[in-house]
Amino acid sequence: MKYELNGQVVLISGGSQGLGRAFAQKYIEESDSTVVIVSRSEEKLTRAGEAICGGARRLGAGGAGRLLYYACNLGDAAAVGGLFATLADAGLQVTQVLFCAGGAVPGLFAELSSAQLAAGVEMNYGTALHLAHGAVRHGARHLVFFSSAAAVYPFIGYSQYAPLKAALRALVAVLRQECDGVRVSCVYPGNFASEGYAEENRTKPAITAAIEGSSEAISCAACCDKIVRGLRSGYDDVTTDFVGWLLLACNMGFNYHSTTYFLWPLGWLLGALVNLLVVPIYMLLCRWDIHKWRTQREETHLAAKTD
């Protein structure tokens with residue numbers, strides 16, 4: 001199924017900011033599609049509408065305009081049911097769904113609160129789960145999930161985030177087998193500069209930042225453009241940088257593979273070689289870095305107690 005910007009009714013979760021808002025803006029500026037942005041906060045949605053095109057109208061309120069918004073807790077299945085009922089009342093048949101909602105609160109597992117961990121499950125998996133369930137039942141033809149490079153390389157500091165992004169990858173694999181006639185794509189973006197990314201860096205442990213490295217965060221608009229190019233090229237596992245592509249090549253697994261992708265043979269070969277030759281050495285280095293960090297941390301705590 002070809003990816004098209006034009007002629008769609010597009011539902012974007014997390015559409016009030018970050019990458020979701022960038023996609024909404026792209027559809028409004030470069031197509032004739034109707035766009036529905038969804039998030040919890042009506043205030044953020046109205047601000048996003050003003051920034052994108054001078055103002056959006058609330059779904060179900062009547063009036064003209066291609067950009068609509070709907071405030072909804074997507075982690076609540078009943079609320080998602082209400083969203084699709086409102087879409088039906090407005091005469092809108094959603095054709096594409098972009099699952100942009102999500103976010104990370106980096107921190108050590110034992111130091112995160114139960115509320116933070118539960119919020120991670122809802123925000124990064126529950127919202128996509130319920131929205132996808134409704135979308136499949138209501139005839140959407142293209143689902144675009146947003147996972148993360150952390151789904152294929154989870155590491156220290158991302159216990160609230162990475163396991164749920166990995167769960168999304170598993171859900172995508174199942175839906176590709178179950179949903180005949182529905183295109184199911186999954187994006188594994190690297191770092192991009194957004195409100196959520198700035199918030200992440202406030203709580204990110206030093207060891208997490210060290211292992212993650214100093215990769216530059218690209219703009220949301222640039223990230224959006226890369227994803228659109230990948231989808232238009234027919235790729236259903238889309239990355240936005242070389243590191244993400246390499247990580248995915250190392251984690252092909254029992255999953256649908258886009259064998260028409262011209263770099264697929266290289267990815268298969270390179271992934272096998274990296275797994276055999278590079279990963280064992282790299283993981284030893286990571287263990288050493290974590291050991292040093294843990295030792296320094298214990299010494300700091302001991303010195304603080306002594307003082």
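A Cβ is built for glycine as well, from the same backbone N, Cα and C atoms used for every other residue.
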Listed in Swiss-Prot for the NADPH site shared with Gly14, Ser16, Gly18, Arg40, Lys44, one of Leu67, Leu68, Leu74: Leu74
C-alpha spacing of Lys165 (active site, lowers pKa of active site Tyr) relative to Leu19 (NADP(+) binding site), in angstrom: 16
10 Å Cα neighbourhood of Arg40 (NADPH binding site): matching recorded positions from Ser147, Tyr161, Lys165, Ser194: none
Max pairwise CA distance, angstrom, over record-listed NADP(+) binders Leu11, Leu19, Tyr161, Lys165, Ser194: 23
Rounded Cα-Cα span from Ser194 (NADP(+) binding site) to Gly18 (NADPH binding site), Å: 5
Tertiary neighbours of Tyr161 (active site, proton acceptor) (same chain, Cβ under 8 Å, six or more apart): Gly102, Gly103, Ala104, Val105, Pro106, Gly120, Asn124, Ser148, Ala150
Diameter of the NADPH binding set by C-alpha atoms, the set being Gly14, Ser16, Gly18, Arg40, Lys44, Leu74, in angstrom: 17
Cβ-Cβ neighbours of Gly14 (NADPH binding site) (radius 10 Å): 28
